[in-house]
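What TrEMBL says about this protein:
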| type | residues | note |
| --- | --- | --- |
| TRANSMEM | 43-60 | transmembrane segment |
| TRANSMEM | 72-90 | transmembrane segment |
| TRANSMEM | 163-186 | transmembrane segment |
| TRANSMEM | 254-276 | transmembrane segment |
| TRANSMEM | 288-305 | transmembrane segment |
| TRANSMEM | 311-334 | transmembrane segment |
| TRANSMEM | 355-378 | transmembrane segment |
| TRANSMEM | 384-407 | transmembrane segment |
Amino acid sequence: MKIMNDKLVFLGLLYFVQGIPYGLQSSLLPVYLRGAGHSLTRIGFTKILYFPWVLKVLWAPLVDRVGTKRRWLVATVSGLALTCLASAALAPEAHIWGVAATLLAMNSLASVQDIAVDGAAVGLLKGRGELGLGNTAQVVGYKAGSVFAGGGLLAVIDVAGWSWMFMLLTFVYAGVALFVWGAPVLDDETVNRRGGQAADSMWPWRVWRRMLAVPGTPWTVLYVLTYKLGEQGAVTMFPLFLLDHHMTARELGFWNGVIAMGFSICGSSLGGLLLAQFSIGALMRRVFVLRTISMVFQSSLLTILEPSPLMKGMAVLSMSIQHFLGGLITTLTFTTMMHCTQRAEESIQSTHYSFLATLEVLGKLLFSALAGGVVDWFGFQVAFLFFLTLSAGTALHVWTATFTGALREHQLKEQPK
């Protein structure tokens, strides 16, 4: 039991610090830049800084075959500490490109860390019980790191300031690097290497053809590229609408960065419990319809421009529901991806899953980068009508698949073994 607890602490802590860059960029930076007078278009284009996550599939074989997981983790977390130290010396108002460069470096290092910690988790977690607990540590740890950076730090940045905030993150990353260096859970060197993909890596086009030939892959590719489009636009832009008309940056930091993300964590955790009772298809069909209804409610709030306690309450309710459903959908989506990957040949399963995960990030990244421009050009109300249409289209895509497509086979609940 103690060994399992050590594994959960180790994985949870690493996924926590891995979630910090996402929280900084998705919640703290847009509000901070909007308060400094930057346009929504410029704020939207900061999503391009997530691009290293799209490329991680290219350098994953290097992490697998060179060095050890401990060395990769210590190197990347130490690099994150140094990057935060550099960020502490910059002022976003005067050095926007310098801040962008440090955030790009943070995303690059965090994407490499993700490869290393995922590889370590595969070797550390044994059996269904440990896998379940380990995945819970992953989801909760990552989102807790995002809440800490995007909500907690945003709530105090007006008092502490930009520089002191990044100095705090420097010490957090440095402490985690020291922890990983001495962590006994990585003493087993079997975690460090996997060499079976060397031949495949020489012929990537052959691997890609084999991956696309896996049953259900074309549908899953389209799904992971589009399932978050409408939701991502609303999640990105609605807090900025509230900042313009109804809330201060500190209030947003608490309600959107902490409370709403707490609901997201609850939704992700509930997804795992519901999957033990219901089929993936049945759950997805209902949850996507609920998400579309929640976006109708949120879009209706855009017509209210006069600040009032009632409006704030409805806005918080809307964000909480949206994040809860978003967290639930994320769990269902990654389970769907895993079901698809399990149909592939064992020799390409990890590559197949990395391919789907990269496309999942790419779909969210590209639309997030464009959402601010859509709002600047057409206004909040027209833009949210577009987001709602995308969400409804995804719901129809999923609904059809549960009856006639890739999700049909999951309609019947699996019997316990």
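Backbone N, Cα and C atoms are what each Cβ position is placed from, and that goes for glycine too.
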For the transmembrane segment (163-186): best-contacting stretch of 72-90, 355-378, 384-407, by Cβ pairs under 8 Å:
72-90
Same chain only, please: residues at least 6 beyond the ends of the transmembrane segment (72-90) with a C-beta under 8 Å from a C-beta of the stretch. Say none if there are none.
14, 17, 21, 63, 98-99, 102-103, 105-106, 109-110, 112-113, 115-117, 120, 162-167, 169-171, 173-174, 176-177, 180-181
Contacting positions for the transmembrane segment (311-334) when only residues 6+ beyond its ends and CB under 8 Å are counted:
139, 143, 223-224, 227-228, 231, 234-235, 238-239, 242, 246-247, 251, 255-256, 259-261, 263-272, 274-275, 280, 283-284, 287-288, 290-291, 294-295, 297-298, 301, 304, 360
